[in-house]
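Engineer: Below you will find the structure I want to go over with you.
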Amino acid sequence: MSTLRFLKGHGTENDFVIVPDADGALDLSAAQVAALCDRRAGIGADGVLRVVRSAKDPAAAHMAAEAEWFMDYRNADGSIAEMCGNGTRVFARYLVAAGEAAPGTFKIATRGGIKTMQVPADGGDVTVDMGVAKLPGSDGIEVTLPDGTTRPAVNVNMGNPHAVVFVDDLDEAGNLFTAPPVAPAAAYPEGVNVEFVVDRAPGHVAMRVHERGSGETRSCGTGACAVMVATARRDGAALPATYTVDVPGGRLVITEHADGRIEMTGPARIVAEGEVDLGELTLRS
Ligand SMILES: N[C@@H](CCC[C@H](N)C(=O)O)C(=O)O
């Protein structure tokens with residue numbers, strides 16, 4: 001029997017299987033990640049956070065002097081993504097809970113670069129400095145809604161790609177069982193996360209998201225930051241600007257500072273731990 005120790009955590013109900021692997025001994029295949037994330041035959045999650053020392057992973061060794069720990073993030077289908085905003089907050093909460101980092105401010109390594117985390121000792125909300133958003137240009141990018149009409153999308157890159165669509169009602173996004181069609185495909189050669197946004201009040205929006213590699217999730221941290229940036233630009237907001245972004249799984253507060261850095265704050269919880277028998281997982285090709 002090949003057992004794997006895991007924990008389960010979530011940030012605004014964007015949930016993750018956390019796999020401690022300090023020395024980088026594990027080589028989880030995409031099929032194993034997908035099996036762990038399977039909500040019926042596995043543990044169930046939107047993604048996997050492997051916790052490995054930066055020095056022990058070739059993807060992060062160059063960041064080891066600044067950040068001891070590397071968040072190796074995988075989507076629920078086993079694919080690799082550059083960044084996961086809620087994942088960073090859950091990852092940092094885990095490091096503190098496990099005694100691997102002291103509460104307060106510390107850095108972690110991600111494929112999207114080094115992120116500075118603030119984790120209070122009392123279990124309160126965790127903040128991540130997401131860095132500066134990129135706006136690669138949105139000309140001609142459109143998302144087709146289930147009723148066949150199209151809406152312009154705002155192209156925002158938070159380390160990973162996003163298409164932000166303003167709608168009048170979040171139900172316009174439909175059931176999101178499949179990825180919303182985005183055109184032209186060339187705008188997002190690596191695929192895209194799609195966010196639908198409505199206004200709730202000045203400085204306050206709500207969103208739904210279809211995540212690349214995971215489907216509709218209850219929250220997406222990079223997506224919420226992309227939504228904040230797109231909304232602040234639409235509103236002509238002066239920086240610093242703070243927006244509240246409601247997601248199906250809770251609430252995130254996002255500030256874009258005068259220097260363009262974006263900080264996201266919200267809950268991050270570790271809710272379970274256990275062991276899984278890797279040999280019992282259902283691997284699909
Ligand atoms: N849920 C995450 C984003 C995870 C990656 C995304 N699905 C992608 O493929 O880019 C978040 O909180 O940011």
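The backbone N, Cα and C atoms fix where each Cβ goes, glycine too.
Reproduced below are the annotations present in TrEMBL:
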ACT_SITE  CYS84  active site, proton donor
ACT_SITE  CYS84  active site
ACT_SITE  CYS220  active site, proton acceptor
BINDING   ASN14, ASN75, GLY85, ASN86, ASN160, ASN193, GLU211, ARG212, GLY221, THR222  substrate binding site
Engineer: Please report the DSSP secondary structure of CYS220 (active site, proton acceptor), reduced to three states.
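Structural biologist: For CYS220 (active site, proton acceptor) - judged by DSSP and reduced to three states - the answer is coil.
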Engineer: Counting Cβ neighbours within 10 Å across all chains shown, tell me which of the active-site residues CYS84, CYS220 comes out on top.
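Structural biologist: Buried the deepest by this measure is CYS220.
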Engineer: Consider each pair of residues in ASN14, ASN75, GLY85, ASN86, ASN160, ASN193, GLU211, ARG212, GLY221, THR222, all listed by the record as binding substrate, and report the largest Cα separation in Å as a whole number.
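Structural biologist: With ASN14, ASN75, GLY85, ASN86, ASN160, ASN193, GLU211, ARG212, GLY221, THR222 as the binding residues for substrate, the largest Cα distance is 16 Å.
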Engineer: Can you count the other CB atoms that lie within 10 A of the CB of GLU211 (substrate binding site)?
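Structural biologist: Summing over all protein chains shown, GLU211 (substrate binding site) has 29 other Cβ atoms within 10 Å.
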Engineer: Using the structure shown, find which entry in ASN14, ASN160 (the binding-site residues) has the sparsest Cβ neighbourhood within 10 Å.
Structural biologist: ASN160
Engineer: Provide, as an integer number of angstrom, the distance between the C-alpha atoms of CYS84 (active site, proton donor) and GLY221 (substrate binding site).
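Structural biologist: That comes out at 7 Å between the alpha carbons.
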Engineer: May I ask which residues of the same chain, at least 6 positions away in sequence, place their Cβ under 8 angstroms from the Cβ of GLY85 (substrate binding site)?
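Structural biologist: Counting only residues 6 or more apart in sequence, the Cβ neighbours of GLY85 (substrate binding site) under 8 Å are VAL128, MET130, MET158, CYS220, GLY221, THR222, GLY223, ALA224, CYS225, MET264.
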Engineer: Is GLY85 (substrate binding site) helix, strand or coil when read with DSSP?
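Structural biologist: Looking at the DSSP assignment, GLY85 (substrate binding site) belongs to a helix.
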Engineer: What's the number of neighbouring CB atoms sitting within 10 A of the CB on GLY221 (substrate binding site)?
Structural biologist: 28
Engineer: Beyond ASN14, ASN75, GLY85, ASN86, ASN160, ASN193, GLU211, ARG212, GLY221, THR222, what residues of that chain have CB atoms within 8 A of the centre of the substrate site's CB atoms?
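Structural biologist: So the additional residues around the site are GLY47, ALA81, MET83, CYS84, GLY87, VAL209, SER214, THR217, CYS220, GLY223.
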